[in-house]
């Protein structure tokens, strides 16, 4: 068998190997490649047995012929019996050179064909001897013809015409004599084929070889795919269905369980192992919306240049498509350059994907309606595999990273009358023929998504364009065309131009000679000698190079775009995917504090004292519960002395030891923080230190016990504002510039519920607004630590890490976010902007495609951030596009750079609203002049609106232009369609009125805020205005309302103290003054005024 294959190697070189061989024969080789020694591997195909085979004849013999680019063997004919399994035990082998890319390419992209045939066999005479003779029938008188007929009539119920049978007897004898004469004549002609006749069975000795071959009928064919060998298997067994090559009628159809099969085992003597290799599968489906120029009488071939074993690219062809108007669904993929036979007997096992949602649309219109139209189309449905070795795979991935696109060439020419086997050679003959019309097209495949982690398959719908060398080079990195190489084209054009130039030069020379002869007899006036300059004989100026011809998109006569659907698939992705567990582990490592970083939380004396007191309080409450249970268990009354028994009980159950260890830890932290033992050098000093520590610990313990006794063993409860009101008050304090009050409100919310991730997120946003990104990052670690799936915590953490330059850690956060929120539109937009910041085009394209995929999904329920409405700006009149919604989220999270990136995509479509959000963004960044410019730009394009006017007023207020700000606020407040949320407008308008001296108007706007959105700061402001007008009783009422909502505000206590002093309430004033000192008043002017009032009262006393 190997010798037979090697003998045909030279014959098949031009025909079968032309699929992968570069046909640029005219170009000389620039570098001689290193020739590798052949590494032959033997592949053995073993036919084990047939299963569920039915005969086509009364007596049938079955055999199988194996073909792979040539006939490699045929099994012997075996009679078909009624057994389920018929053993074959036949093997055929072929040699493959593992160092020859052409042979490997044929092995991976072409199947071995098993053709199963049946011939009519003869009944074995030996079977007669095994039959049992019935003696009764043998002894019965049935020798005459009449008796046989009577038996036949009795069994069948039919009558037989005996006279007609006798008449036909003579004619039958004449026919037999004529047949014997024909047999004698044929025996004389077939003397040369005695050897072949000798090989035949006894039943066919009288027949010729030609008649035997005509009697054979193809039962079906099978296709063996060798792809398992490239995945490291040394052998595999398959049950191949024997599919008939012709369609069967209903009465011949059989169920799937009883379908005939052939069991085949394929083995190789040595594993096919290629380190760091990959398998690229190119599937060309169909070309739709064909123009009339692309008709059925044309030949078509598709080619892509793929590097397989190094930088040199190798063409991958697909040809012989089916020109049809029908739409086929659930069809199988075809082998290269073949069309399906009946029952899909010669197709692959891969089915065409009917799902159109996974197709990436590169057209400017929706292509799905075109798929169901019964219009002319070119149906390839072919798959071509290519083995990419290590160098080829690195070159392929580098090409995608560099160009992000692959060029697919399509060549159309007139079809020649030739066999399908030579279709490729004929099409190249057509290309080389002179004056032969052709059409050269190309498709630019955007395959950048293959660079995304874990992505190994991409399916595209791309438009067809006329071929342009310049665009193919710039967009797809294709240096030259495969069908029409640029070098050959240029040489042909230059030779034609040179011929024209030579003819023109001779003509000019002849005309010049004629003019010179005619001018000999004439003399020019004013010149004694003729002009001898030869400048006219110089060669002409070269023409400028022609501009590259742009490509034109192809449309049909109905103005519909002509497009193709192509699928590329790699066995292993270029960038390996990251498992969800790995991402979660990386995020967990990211949340752990780094050992070299010191903690930013300092254990203060107050904190240590609180820990000690809390420990004592918890132990006392716990002791009370154990004591009650102990008394009930032992039936003892509380009056009896049972202290010793109770202590023994605690020691017995192990609670006593836990109490001692807890108190030791709490006391150690308290003592180490308050006392220092470095200065103690003698025993007297140690005794003094011990006594001081003891006194301090006992006094703190007594304080904790007294608190519990006063509160009846319940911890003292202090009334606080509801959590929602606290958050509103905190945001209001931030906008009014009271940063310390806002910080206290945020911390009070966290103290209310330390396990609430949203509270930590709010505090992180507040710290980002103040510029404290380190503290914000620690708060976000708390957020994600409490809820690892918190989308906004992960988003904000990724954004902060990205701005710090930690791209890998930022990507971990964002990918974890998208793993949990796969349909979150704003999340994909965030990932797109992140990859834009990090200059990752493949990630940009992939995330944008996912965002477009989920853009039409139903809007999710409003979550924590989407419910929040900022006091400064409104998102109600912003468009609901993906980038605007993302920009609004970024603005709420105070991610200023991300807001600008997102709005950059909407500038051309919504210029005015983009400037509105940019104005709010600049306001938060304290760039008030820029914010004013943006809001004025919004007004000039969008017009006057309440939302725009309120933000305009805030910008003027920040620039201390109070008159203009007041006018803007009045315009907003007088509008009939003013928004509901104008709380900040009322406060700032009151502040502007106060600055301009209109206290009465200012008080009116403040009282409106107190009516609709009461808060400590609004009541405080109202009280200050009353106090300024010396309306002490009204001021006291406002300060009391403020104090009820926030009894830790030092300013409120200070004004209450002033009111009481002026109303001659010294005792109440001193109580309020103590609270002022306790709350640490920071307003020096107010503190000085308070001191002066107290001194004046004391002097009067």
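Any Cβ shown, glycine's included, is placed from N, Cα and C.
Annotated compositional bias 'Basic residues' per TrEMBL: 1-12, in sequence order.
What TrEMBL records for 1-36 (among others) is region 'Disordered'.
Annotation source TrEMBL lists compositional bias 'Basic and acidic residues' at 23-36 (among others).
Residues or ranges marked as region 'Disordered' in TrEMBL: 165-206 (among others).
If you look up TrEMBL, you'll see 173-188 (among others) marked as compositional bias 'Basic and acidic residues'.
Residues or ranges marked as compositional bias 'Basic and acidic residues' in TrEMBL: 494-511 (among others).
For 494-553 (among others), the entry in TrEMBL reads region 'Disordered'.
Feature annotation from TrEMBL assigns compositional bias 'Basic and acidic residues' to 525-535 (among others).
What TrEMBL records for 539-549 is compositional bias 'Pro residues'.
Here TrEMBL flags 757-790 as repeat 'TPR'. Looking only at the repeat 'TPR' (757-790), the predicted model's pLDDT averages out at 92.
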**Q.** DSSP-derived helix, strand and coil totals, residue by residue, for the repeat 'TPR' (757-790)
**A.** 28 helix, 0 strand, 6 coil
Q. Who are the long-range neighbours of the compositional bias 'Pro residues' (539-549) in its own chain, taking Cβ under 8 Å and residues 6 or more past its ends?
A. 468-471
Q: Helix, strand, coil: count each for the residues of the compositional bias 'Pro residues' (539-549), based on DSSP.
A: 0 helix, 0 strand, 11 coil
